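Taking it in order: structure first as structure tokens, then the write-up.
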Amino acid sequence: MRTLIVDDSAFMRMAIRSMLASSPDIKIVGDACNGKEAVEKAKSLHPDVVIMDVNMPVMDGLTAVKTIMNTSPVPIIMFSTLTTEGSKEALEALHLGAIDFTAKSESHHDVNKAEKELVDKIRNIHSSNPNLLRLINMRKFKGEVVRGKWRCAGDFGILIGSSTGGPSSLEQVIPRLPGDLPAPVFVVQHMPEGGFCRQMAERLNFLSELEVKEARNNEKVTAGIVYVAPGGYHMTVRKALDVTRIKLIKSQPVHAVMPAVDVTAESMLAVYGKNIVASILTGMGFDGASGFKTIRDAGGSTIACSEDTCVIFGMPKAAIEAGAIDVVKPIFEIPEEIVKRLEAKCNGK
């Protein structure tokens, strides 16, 4: 993987080189000390991935991300103290087209963790679709809200799972779901603990007819609300005395992530049974494959994003190969498919 390092600190550029030195499959093709240099070298060096700081002179990282994604799109990983969990800069970078972020840290333990995260993300990045990232930025919010005709009896639930590339993909799906949706929507986006998921929920809420919020422990579940799992917790649903509530669980990661799609899927099955419509959008690994297979086997509907419109095809591919998916659709058709399948279930078809 041809990698370009962008950071205004010579020490940090050297530190990143050191982090990647033990990985022979990762080749450093150059470095830059500001965003302007990054834009120029992204054009001339044709890297497979760019590691980008945020706070730099001449041109900051966010401006550089926007410029690169408009001129010579390439997967970008933000790597900065300003992109710690929950940071507004991290969300803005992802909105502008960056594919993921990893936070710098000062402690030895966290430095080792950041090194592993960075190497893993670079190695998986080759399966991303940089032209799609540019396309998503150009097409955001242009699709109309999809309307349905509901005659519902019973409880229904919608599950959406995503990881790397998820924030931009979610912005293609959630804002196109109608405000009168007769089911709650549970979103599991892989993110570490912190305020990031809350910031993402607030942005989606601004863009959507539906109310979008970060889930709170023990809150009552209501149709027409999108619940985003907070980072660092598994999100489950439980029904007692005819009331469904969210239970946030602080336990061990599943598939090395928390929240995990599979955990939410299994808990939803106990509450909603076959009355589930579930969609997996993008991400590395295989989280969601097991839970979606269980949902499908129980009579629920499952949807995966197509490879040609998926940022990272790992999670959808794993679910497809596990026999867990009913239909594969382009990202821009997933809102219609969710509404169509929920409408069919509500109307007893």
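Just so you know, glycine gets a Cβ as well, placed from its N, Cα and C.
The shown structure was predicted, so the numbers you read here are calculated from the model rather than taken from an experiment.
Among the features that Swiss-Prot reports, domain 'Response regulatory' is placed at 2-119. If you take every residue in the domain 'Response regulatory' (2-119) and average the pLDDT, you get 85.
The feature 4-aspartylphosphate is assigned by Swiss-Prot to Asp53, with sequence analysis given as support. Listed in sequence order, the residues of the same chain lying 6 or more apart from Asp53 (4-aspartylphosphate) and placing their CB within less than 8 Å of its CB are Val6, Asp7, Asp8, Ser9, Met12, Gly61, Met78, Phe79, Ser80.
Residues annotated as domain 'CheB-type methylesterase' in Swiss-Prot: 158-345.
Neighbour density for Ser163 (active site): within 10 A of its CB lie 26 other CB atoms from the protein chains shown. The annotation active site is assigned in Swiss-Prot to Ser163 (among others).
Annotation comment: Swiss-Prot describes His190 (among others) as active site. Of all Cβ atoms in the shown protein chains, 26 besides its own fall within 10 Å of the Cβ of His190 (active site). DSSP assigns His190 (active site) to coil, not to a helix or a strand.
Remark: Asp287 (active site) has Gly161, Ser163, His190, Val254, His255, Val257, Ala260, Val261, Asp262, Met315 as non-local neighbours, by Cβ distance under 8 Å and separation of at least 6 in sequence. Annotation comment: Swiss-Prot describes Asp287 (among others) as active site, evidence class sequence analysis.
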